[in-house]
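Taking it in order: structure first as structure tokens, then the write-up.
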Amino acid sequence: MDWASILGNGLRSGFGPQAASYALLAIGLNMHYGFTGLLNFGQVGFMLVGAYGVGISVATFGWSMWVGVLVGILGAIVLALIVGIPTLRLRADYFAVTTIAVAEVLRLIVRSGSAEEVTGGPFGLQSIADEFHALNPIPNGTYGIGGLSYSSGQLWSLLVTWGVALVATVVVILLMRSPWGRVIKAIREDEEVARALGKGVFSYKLQSLVIGGVIGALGGVMFAIAGQTVNADTYQPQVTFFAYTVLILGGAATRFGPLVGAVLFWFLFSSVSAALRQAANAEYLPGFMTTGGATGAVVLATVGLALVLLMVFRPQGLMGRRQDVITLTS
Amino acid sequence: MGAKRVLFGQRIRLLLSPRDARHAAGHRYRAWSVVLGLVIVLTTMLAPAAVAVETPSPGDDATQGGEQATEQGVTGTLRDDESEPVEGVTIVVTDASGAEVAEAETDSSGQWEAMVPTGGTYTVELDTGTLPEGVELRDPENNPLEVQVPEGRTRPVIFQLGEGEADRAQAQAIARAVANGLKFGLIIAMAGVGLSLIFGTTGLINFAHGELVALGAMLTWYFNVDDPQIQLIGAAAIGIALTAAFGAGLERGIFLPLRRRRFGLFQLVIITIGISLLIRHLLLLFFGGSPRTYSDYVGQEALHFGPVSLTPRDIVIMCLSVLILVAFATMLQRSRTGKAIRAVADNPALASASGIDVDRVTLVVWTLGAALAASGGVLFGSAVAVDWFMGFRLLLLMFAAVILGGIGTAYGAMAGGLVIGLVTELSVLWFPSELKYMWALLALIVVLLVRPRGILGQRERIG
């Protein structure tokens, strides 16, 4: 077993652009779930809208990528309004089921053959971020220390994506310090109390949904830009569940939880995958665990188990406070 | 993730193809018209007449096929849809004034030829009364045909025989979609009842419910095909019993202790997601990624009921589903436990105050719900196939069914399941089949917009 390469794999993934995109998803979810108490199970839908906003604008209509970013953000706002206006008045669990259904409907639509002219259907769209990579100021080459190294393109993507994630974090911190944020947290604690104090609970929830959705869409935008491609199969419902794991790992309703959670989640995810692959190659594992796809299955099962154990034994995550754990007992 | 994409595609194809494949067993004749009809319906979205028959348009200067004759005329060959020649059919040619100018009869090779005096426009009519039993014009609107006959040439005229494809294919496709929709809907209803009742008794949305479906189906597959190779009914009994025990174990081992520790619903819901990811990928790990079928009741010959063809297996699946649902409803309605379940689902606090042991009822609901989910999984696996991802795919449809019918009620889940089954299968008639699940989910969203309590739900449940 080559522990250095396993560690390097984990670190590269933990600080990589993908982890940063998941951090953005989790920051958005933190807005919804951590601060407002909205059980949004369709965060991947916002991610999809952001990514396809860029992809369709560039690859299908030939617009500038920056227009595409705007399209993605506007799309997320529209999606939040469409989902939120009818369902935020309903009980929290209806909202949860609706959001997961909407996200899956979006995925099925962009994936369908009948949408191929616009979305590329099952094949997706490629070469959507040449403009972004043309701006790369970092000279060609490999950068890093030891196992942790990136090409100049990856480095550029990850720096910008983590930059966006940091900005989003600061925005959320400022928002939550404002009077608006206090109302939002009051809604999480007890909706009726907030309503009794004359706050328009529905409108606050909708605003929270829009803000968190836009942050999630930025995650999709950066994910698509870093990978230069959009493909419907990336946006499976389990992406939302991963984002929840990231959020709960770091600590829901904390300021830096999503960032820490994303690094840790992807570090563990990739290093465990690498370790399992090596163990399989070295024949340390029983036969059924070495067939194609088995390592992936083991890692994903472990994610599930980790989510259960986290929720049972440390629901506040690494950085959270016990009293901020969202209980909602209606 | 790549593997999942392939599976998803395979499933859609599987949902379409096995029935057609089953036809092929003994009914090639019928199978062809069915396949053709399906293709036509899918490609033209209910305007099959437009492409079903290649009509020779008047003025089409076709030269191939006809014999070179010194005189002008019309000719053709009649074959049925199995390309067998049809003998003894009368074809009458009239000129523009309506006077009969020639009559011909097909010979043993199905050929006919009618000579006309001059070039010009003629009307060629096939006397449908002379067609043998069971053979008719595929497109009756193309009889009689107006034909332009050039001077000194024989003009080929095509009459396509077979079944009245245009009308019949559509009627058949609809009937088949309804039958499939009912079958599929009954399975969803059965699997969804537990989801709805668990919600009703504990307020928990169980995201792992789909995995109970998959677990039951997979365990049954294991006992049926892999190790002891028990006949399907016995294997299903073991699979369902094990899944029921597993459901009871989840409640007693995880959810009851957590409820006692005052865990909030949000936390519990996220725990069900974790459990769902865990079970799903363990299934993938132990059973692999490819879809499996049971070893019994496959390759059956279809029975025909008017426009609908069903295999005996499909009929048994539907009857069993109805039977199980009726038995469950009777249990809910009549038995002491059933009444307690309904009381707890309606208002747990009130039920508890009236002396009902809510924890025991919840355990019963989890056990029965898991057993019903597993039965649904076995029936689905028998009708289509078993794979590790089937649970999650069905879960969203169960959500749709349960919310459509009114979450928290058993009968609502049944009604919703039927609607969802019909919506998914009927949508295939007009829209690409890859979008069929989308319509179910859209139906869910529309119901939430229009009538959030669902078809049978009560107003105060919305919150």
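Note that Cβ sites are derived from N, Cα and C of the backbone, with glycine treated the same way.
Keep in mind that TrEMBL annotations are predicted by a computer and have not been checked by a curator.
Per TrEMBL, the feature compositional bias 'Polar residues' maps to B:65-75.
The feature region 'Disordered' is assigned by TrEMBL to B:55-84.
Residues or ranges marked as transmembrane segment in TrEMBL: B:31-53 (among others).
If you look up TrEMBL, you'll see B:184-209 (among others) marked as transmembrane segment.
If you look up TrEMBL, you'll see B:229-251 (among others) marked as transmembrane segment. Away from its own ends, the transmembrane segment (B:229-251) comes close to residues 194, 208, 212, 215-223, 275, 294-297, 362-363, 366-371, 373-375, 377-378, 382 of its chain (Cβ-Cβ under 8 Å, at least six residues beyond either end).
Under 8 Å from some Cβ of the transmembrane segment (B:263-287) lie the Cβ atoms of residues 203-208, 210-211, 214-215, 218, 221-222, 250, 254-255, 388-389, 391-392, 395, all in the same chain and six or more residues away from its ends. Sequence annotations record features per position, and here TrEMBL assigns transmembrane segment to B:263-287 (among others).
For B:315-332 (among others), the entry in TrEMBL reads transmembrane segment.
Here TrEMBL flags B:363-382 (among others) as transmembrane segment. Residues of the same chain lying 6 or more positions beyond the ends of the transmembrane segment (B:363-382) and with a Cβ under 8 Å from any Cβ of it are 187-188, 190-191, 193-195, 197-198, 200-201, 209, 212-221, 232, 236, 239-241, 243-248, 250-252, 255-256, 292-294, 297, 313, 317, 320-321, 324, 328, 337, 341, 344-345, 390-391, 394.
As annotated by TrEMBL, transmembrane segment applies to B:437-456 (among others). With a threshold of 8 Å between CB atoms, the same-chain residues lying at least 6 positions outside the transmembrane segment (B:437-456) that come near it are 393, 396-397, 399-400, 403-407, 409, 411-412, 415-416, 419-420, 423-424, 427, 431, 462.
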